[in-house]
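Feature annotations, reproduced from TrEMBL:
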type	residues	note
DOMAIN	3-181	domain 'Formyl transferase N-terminal'
BINDING	12, 13, 14	N(1)-(5-phospho-beta-D-ribosyl)glycinamide binding site
BINDING	65, 90, 91, 92, 93, 107	(6R)-10-formyltetrahydrofolate binding site
ACT_SITE	109	active site, proton donor
SITE	145	site 'Raises pKa of active site His'
Ligand code: GRF
């Protein structure tokens, strides 16, 4: 079974969907660790509930991103983690993690990239008055939501949508898409190079 870590900063509904898929036998993976950069985040309670170990840290207590990423890498290695799933981790991944897990870090973003990268993708889509937005799963590189795209789905923006209603529609799609894609990637032979 492939050993994965999930990185999250907030509510963790995608984390929950991943855990549920593992429990249901739909995702063949061992979730070894939750990494969280917000010690009070709700996602930590979710991990505790399922007995999943958590590494939480306060970035501002470290001198640099490289310093906290070195600690993260040593935590990941102590659990034998092979693959990293970002699920609402509100931070750019730096050199140290990218080098240690090259081609083995993926992210989910609530837009049809390259449209609306970065923060508040749902608000950006509403402001732009588009008829469709989407969800994208992509490999992580040093840019902001710029890595190679793995899978995308389109989501309609409906008349009268608010950030809340649109986000709910997007998250529903995310919760189905992400565990399925993770499972597909982990079934491939290679870990340690880009899994296409
Ligand atoms: C998701 O919409 C994801 O696309 C984005 O951050 C959000 C995290 O939500 N990267 P949650 O914490 O999984 O509920």
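All positions are counted from 1 along the displayed chain.
Positions of Cβ are set from backbone N, Cα and C atoms, glycine also.
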Determine, to the nearest whole angstrom, how far the Cα atom of residue 145 (site 'Raises pKa of active site His') is from the Cα atom of residue 13 (N(1)-(5-phospho-beta-D-ribosyl)glycinamide binding site).
20
For residue 14 (N(1)-(5-phospho-beta-D-ribosyl)glycinamide binding site), just give me the three-state DSSP call.
helix
Residues among the binding-site residues 12, 65, 90, 91, 92, 93 that border ligand 1 - Cβ under 6 angstroms, in sequence order:
12
Relative to the Cβ position of residue 93 ((6R)-10-formyltetrahydrofolate binding site), how many further Cβ atoms are located within 10 Å?
22
Over the residue list 65, 90, 91, 92, 93, 107, recorded for (6R)-10-formyltetrahydrofolate, what is the maximum interresidue Cα distance in Å?
19
At the Cα level, what's the spacing in Å between residue 90 ((6R)-10-formyltetrahydrofolate binding site) and residue 12 (N(1)-(5-phospho-beta-D-ribosyl)glycinamide binding site), rounded?
12
Any idea what DSSP makes of the residue listed as 'active site, proton donor', helix, strand or coil?
strand
Measuring Cα to Cα, tell me the gap between residue 93 ((6R)-10-formyltetrahydrofolate binding site) and residue 13 (N(1)-(5-phospho-beta-D-ribosyl)glycinamide binding site) in whole angstrom.
21
